[in-house]
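Asks: I have a structure I would like to understand better, so I am pasting it below and will then ask my questions one at a time.
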Amino acid sequence: MMKIDILSLFPEMFEGFLHTSIIKRAIEKGVVEIHVHDFREFAHDRHKSVDDTPYGGGQGMVLMCQPLLDCLKTVVDKDALVILMSPQGQTFSQKMAVDLTNEKHLIIICGHYEGFDERIRDYVDMEISIGDYVLTGGELSSMVITDAVTRLLHGAIREASHEDDSFSDGLLEYPQYTKPAEYDGAKVPEVLLSGHHENIRKWRLKQSLKRTYLRRPDLLRDRAFTKEEAKLMEEIQAELEK
Ligand code: 4FV
């Protein structure tokens, strides 16, 4: 069972997230334990201040050390990996999500305002960004991490269902179809109706390679292609040159 503690000034933002679908079931099944802590409760002054103006001047407010770190001290333990959410972190990926499933205890700190007092980083093991854009707070990014990691935990969802996820094998997922076999004149590819599993596997691999080649060639740059994949890539490039 993994434990996830989230430090946020807006715990109400997590209500829907924690009580819906896969995350809700994973909590009920005891696969994961998720707690949200409002570090404003650790503020000492009567205004419950958690931020202040930046030394050296400048726009906006900065999160203070004391309330946030006093809250952190109440949840940190020897197994804890402390993660700070910020645009300056390493960009999150499926590989990072898989690596984090090996941890017993994640503590995720959500930012707000202009950012954190730099000394907070002395208590942080890892800094993660979910992308090169600026959010109003770290809550959404902490949900992204929690969601991507929880669904990979043993017992959260049927193992098979994330085996052919995009990125699980470094490729984008192949096109999916379901009933009806014809919609508004658009037919499902014959091979998928054939029941011929080997042909279906080949078709799906070729589609994944083609989609990755067209949409995310960066994902193929350092890829060690199997003989079969190399042959399929030749076919794809020949067909695209036609
Ligand atoms: C962010 C990101 C992000 C920056 C200022 C919250 C905001 C405020 N977090 N990936 N991109 N955070 O934009 O993780 O503190």
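Cβ from N, Cα, C; glycine included.
Automatic, uncurated: that is what TrEMBL annotation is.
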Asks: For the S-adenosyl-L-methionine site, TrEMBL lists Ile130, Gly131, Asp132, Tyr133, Val134, Leu135; sort out which one of Gly111, Gly155 goes with them.
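Replies: So the S-adenosyl-L-methionine site in TrEMBL includes Ile130, Gly131, Asp132, Tyr133, Val134, Leu135 plus, from the candidates Gly111, Gly155, Gly111.
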Asks: Suppose we draw a 10 Å sphere around the Cβ of Gly111 (S-adenosyl-L-methionine binding site). How many other Cβ atoms does it contain, all chains included?
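Replies: Other Cβ atoms found within 10 Å: 25.
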Asks: Using the recorded S-adenosyl-L-methionine site (Gly111, Ile130, Gly131, Asp132, Tyr133, Val134, Leu135) as reference, state which further residues of the same chain have their Cβ within 8 Å of the centre of those residues' Cβ atoms, listed in sequence order.
Replies: Pro87, Ser129, Ser141
Asks: Which one, from the binding-site residues Tyr133, Leu135, has the smallest tally of other C-beta atoms lying within 10 Å of its C-beta?
Replies: Tyr133
